[in-house]
Amino acid sequence: MEAMTLFDSPPILITGMSGGGLTSAAKVLEDKGYYVAHNIPPKAIVDLLKLCASPESPVSKIAAVTDVRSRLFPGSLAETLDELEQLDMKPTLLFLDARDDVLIRRFDSVRRTHPLQDGETLKAGIQRERAAVQSIRERADIIIDTTNLSVHDLRRAIEASFGEMGHELQHVTLESFGFKHGSPRDADLVVDVRFLPNPYWVPELRGYRGTDEPVADYVLSQDAAEPFIDHFITMFDSMLAGYRHEGKNFITVGIGCTGGHHRSVAVTEEIARRLRERGDLDVSTLHRDIARD
């Protein structure tokens, strides 16, 4: 089928035992730029792949998650796989598994019932599911046993299984903010630049913002500014290497001053400029409080 050539990578179908790590696996693929459709009934998978493979679709990498709850819908996953093979649209089938005792512990830790428990014991539900998915497990292209894997280990296992995924650019968001409005809750790292002189106290600069040249020139011309930015980038490089090793490709850095209008904005823009020049990162900026009083 010619439409399949429009995908940058073969479609991935994620399935497996409930509690085996399907959600975590989906998150890894989302972080790697995949469009991930969750809890898709088997019969809908064919239409989904056809839609995303059409010339009008913006989707270049796709994965779909389907689990034992799909039994509520007509059609089986085995029938869907057969149909996809006939259409020359065979996805890579990723099956997530774990030992029964580990699955029991995971369900107990989140106080959830198993979808096939049906009023019986958790162990009975897991055994019923294992019997139901055995034939699909036998058809899997990749089986990952998550019994002894942490979330980071699972990420590395998926990246190893799908090769070049691990070589994508890291995404860095530099977010300026004002401490008086609170630090960004999603920041992985928070930097305080209130040690720099505040343009707010320079009457002719007060009405400008850090994106304006007069303020940027004032802030960046301070004796402490350039050494700080140099040292920050050196430190941040070592952090990026560690983040990559841990499979973390989306990093948010909060850069704060008092109000989020001047110093933090100017420093954020300068750091972003330097990082973009290198070409090894996908860098974006956000000035959270620049328009606030």
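Note that Cβ sites are derived from N, Cα and C of the backbone, with glycine treated the same way.
Since the structure is predicted, the reported quantities are computational estimates derived from the model, not experimental observations.
Database features (Swiss-Prot):
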BINDING   Gly16, Met17, Ser18, Gly19, Gly20, Gly21, Leu22, Thr23  ATP binding site
BINDING   Asp67, Val68, Arg69, Ser70  GTP binding site
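This view paints the features noted in Swiss-Prot onto the structure.
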{"residue": "Gly16", "record": "ATP binding site", "DSSP (3 states)": "strand"}
{"residue": "Gly21", "record": "ATP binding site", "DSSP (3 states)": "coil"}
{"residue": "Val68", "record": "GTP binding site", "DSSP (3 states)": "helix"}
>> Rounded to a whole angstrom, what is the C-alpha distance between Thr23 (ATP binding site) and Val68 (GTP binding site)?
In response: 14
> What other residues of the same chain, not counting Gly16, Met17, Ser18, Gly19, Gly20, Gly21, Leu22, Thr23, have a CB atom within 8 A of the CB centroid of the ATP site?
Replying inline: Asp67, Leu96, Asp97, Ala98, Leu103, Thr146
>> Quick check on the binding-site residues: of Gly16, Gly21, whose CB has the lowest count of neighbouring CB atoms inside 10 Å?
In response: Gly21
>> Using the alpha carbons only, what distance in Å do you get between Gly21 (ATP binding site) and Asp67 (GTP binding site) once rounded?
In response: 11
> Taking the Cα atoms as reference points, how far is Gly19 (ATP binding site) from Asp67 (GTP binding site) in Å?
Replying inline: 10
> Relative to the Cβ of Ser18 (ATP binding site), which residues of the same chain, six or more apart in sequence, are found under 8 Å away?
Replying inline: Asp67, Val68, Leu103, Phe107, His114, Pro115, Leu116, Ile126, Glu129
>> I'd like to know which of the binding-site residues Met17, Arg69 has the most other Cβ atoms within 10 Å of its Cβ.
In response: Met17
> Distance between Arg69 (GTP binding site) and Gly16 (ATP binding site) at the Cα atoms, whole Å?
Replying inline: 11
>> Counting across all protein chains present, how many other Cβ atoms fall within 10 Å of the Cβ of Thr23 (ATP binding site)?
In response: 13
> So how many other Cβ atoms are close to Leu22 (ATP binding site), meaning within 10 Å of its Cβ?
Replying inline: 22
